[in-house]
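Participant: Just dropping this structure here.
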Amino acid sequence: DCLGWFSGCDPNNNKCCEGYVCHWKYPWCRYDL
């Protein structure tokens with residue numbers, strides 16, 4: 001199971017769905033703009 005849009009995530013263990021990024025400053029799944 002991957003994490004969807006705006007789910008809290010761990011930048012060191014990114015489990016976001018494909019197409020999303022997890023940044024240390026913004027620790028939630030979001031589009032890579």
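All positions are counted from 1 along the displayed chain.
Including glycine, each Cβ sits where the backbone N, Cα and C put it.
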Participant: Where Swiss-Prot annotates a disulfide for Cys17, which of Cys2, Cys29 is the other cysteine?
Facilitator: Cys2
Participant: To the nearest Å, how far is the Cα of Arg30 (site 'Pharmacophore key residue') from the Cα of Cys22 (disulfide bond)?
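Facilitator: That separation, Cα to Cα, works out to 7 Å.
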Participant: Compute the C-alpha separation of Leu33 (leucine amide) from Cys2 (disulfide bond), stating it in Å without decimals.
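Facilitator: Roughly 20 Å, rounded to the nearest whole number.
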Participant: Quick one: Cα separation, Cys2 (disulfide bond) versus Cys16 (disulfide bond), in Å?
Facilitator: 5
Participant: Through the lens of DSSP with three states only, how would you label Cys17 (disulfide bond)?
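Facilitator: The residue in question, Cys17 (disulfide bond), is coil (DSSP, three-state).
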